[in-house]
Amino acid sequence: MTKYARPGTADAIMSFQSRYDNWIGNEWVAPVKGQYFENPTPVTGQNFCDVARSTAEDIELALDAAHAAAPAWGKTSVAERAIILNKIADRMEENLESIALAESWDNGKPIRETLNADIPLAIDHFRYFAGAIRAQEGSLSEINSDTVAYHFHEPLGVVGQIIPWNFPILMAVWKLAPALAAGNAIVLKPAEQTPVSILHLIGIIGDLLPAGVLNIVNGFGVEAGKPLASSPRIKKIAFTGETTTGRLIMQYASQNLIPVTLELGGKSPNVFFSDVLASNDDYQDKALEGFTMFALNQGEVCTAPSRALIQEDIFDEFLAMAAIRTKAVRQGDPLDTDTMIGAQASNDQLEKILSYIEIGKAEGAKVITGGERAELGGDLSGGYYVQPTVFTGNNKMRIFQEIFGPVVSVTSFKDYDEAIEIANDTLYGLGAGVWSRDGGVAYRAGRDIQAGRVWTNTYHQYPAHAAFGGYKQSGIGRENHLMMLSHYQQTKNLLVSYAQKAQGFF
């Protein structure tokens with residue numbers, strides 16, 4: 001066990017500033033109106049720094065810097081851009097513990113996740129896109145013996161990115177790495193609930209990028225996010241967050257006819273066929289862990305497996321074993337490497353989760369385990385903690401809506417057809433899980449479930465080279481994978497005639 005000292009205390013490996021301005025043109029720039037907002041840590045509920053409360057004027061300053069940088073950056077060779085991305089990855093790796101601690105303190109998630117998942121994944125995404133942009137090729141087509149069509153990938157120019165609060169650094173890197181690799185300049189707005197871990201990161205890597213290529217402006221959605229998303233000075237907007245806000249982002253983008261990438265809500269089914277209990281072996285243990293994945297990152301994952309579907313003939317036995325597994329999840333200080341589940345990202349989210357739990361109880365859903373706020377005592381008593389909670393009910397209950405917390409709603413199904421029917425009975429289609437020892441069943445279920453990613457005999461893996469995105473109301477476009485480069489590029493066609501004679505029309 002390792003317990004990290006809190007930022008700013010004796011023996012701490014990093015400290016936050018007491019106040020953060022915006023990062024514009026590789027400099028710290030105070031908000032135009034001089035306003036700041038408090039930023040509490042979810043670990044204790046206490047404020048630890050103040051952050052720029054930006055407005056449209058600050059967005060304009062960032063756009064000025066981005067537009068000044070975009071032409072030269074877009075013409076930088078892909079080899080040079082790849083070198084810079086790899087340098088960013090190296091610098092992050094050298095400072096992994098510091099960045100992980102900042103992320104855990106700002107967001108509340110266990111440091112074992114930031115040390116072993118979030119930040120290493122972010123590092124790998126930079127390295128992946130450094131390689132992907134080097135490997136990307138244009139094309140040519142021979143129209144006839146004298147005419148050739150050449151196709152080039154060109155950057156869009158200046159793009160806007162709005163980042164969620166559940167994975168502040170990793171979700172930022174999902175967007176930053178391909179956008180930078182493709183040669184775009186960026187104005188990025190973090191979530192106001194988790195505004196500073198990305199600023200700690202930029203303090204580490206900022207000097208590696210030319211001034212103005214990456215600009216970070218903090219603030220609230222209406223005051224800063226809307227001016228960015230609706231600006232006629234951006235060529236694309238990428239957003240991760242709730243579906244309601246995603247609709248607004250689309251409206252703003254439509255006014256300027258610019259493309260959007262939207263990664264929105266989810267209520268992912270996790271389907272367990274009866275053969276998962278065919279033997280008491282490693283696979284069974286893996287499936288039980290797969291059930292408990294609803295509590296990863298405190299359930300604050302768009303693809304959290306928050307609807308568990310268990311086949312009738314194993315329902316009672318599997319649920320009893322899953323409840324034991326859930327009760328064994330260790331909740332505690334997020335800075336302790338033995339802690340498995342930490343704090344919710346904000347007090348508002350805490351209250352939302354608790355209200356849904358009460359709704360579930362009122363609707364008649366049965367609490368198998370959890371169902372209350374976690375009172376950890378001591379200096380954690382003001383933090384935002386919820387017990388991992390397992391409900392049983394049916395798919396029509398409100399607890400089967402997106403809660404975005406460590407809550408799973410469990411129901412049963414008779415056969416394959418009913419499993420698919422229940423799994424698809426949702427507005428969302430971001431992720432899903434299928435568990436079966438029968439490869440044919442697992443494959444068919446994966447194809448029949450309406451979701452952009454279906455984990456099969458696994459869950460919550462997010463490699464850089466696997467496409468991620470939603471069906472239905474879970475979003476538009478994809479993130480990660482080589483195909484993501486095209487989301488930040490436009491195609492230039494040069495149609496060239498090498499003939500000496502006129503075409504003969506006039």
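Cβ from N, Cα, C; glycine included.
According to Swiss-Prot, the feature NAD(+) binding site maps to GLY219, PHE220, GLY221, VAL222, GLU223, ALA224, GLY225. In this structure, GLY221 (NAD(+) binding site) is part of a helix by DSSP. Within 10 Å of the Cβ of GLY221 (NAD(+) binding site) there are 16 other Cβ atoms, across all protein chains.
Counting only same-chain residues at least 6 apart in sequence, those with a Cβ under 8 Å from the Cβ of GLU263 (active site) are PHE239, THR240, CYS302, LEU430, PHE468, GLY469, GLY470, SER474, GLY475, GLY477, GLU479. The active site feature in Swiss-Prot is assigned to GLU263 (among others).
What Swiss-Prot lists as active site is CYS302 (among others), and the listing cites similarity to another entry. Within 10 Å of the C-beta of CYS302 (active site) we count 27 further C-beta atoms, all protein chains included.
In sequence order, ILE162, LYS189, GLY219 constitute the residues six or more apart from GLY225 (NAD(+) binding site) in its chain with CB-CB distances below 8 Å. Each residue in SER54, THR55, LYS189, GLU192, LYS226, PRO227 lies on the same chain as GLY219, PHE220, GLY221, VAL222, GLU223, ALA224, GLY225 and has a C-beta within 8 Å of the C-beta centroid of that NAD(+) site, without being one of the site residues. One residue stands out among the binding-site residues VAL222, GLU223 for having the most other Cβ atoms within 10 Å of its Cβ: GLU223. Neighbour density for ALA224 (NAD(+) binding site): within 10 A of its CB lie 27 other CB atoms from the protein chains shown. In the three-state DSSP reading, GLU263 (active site) counts as strand.
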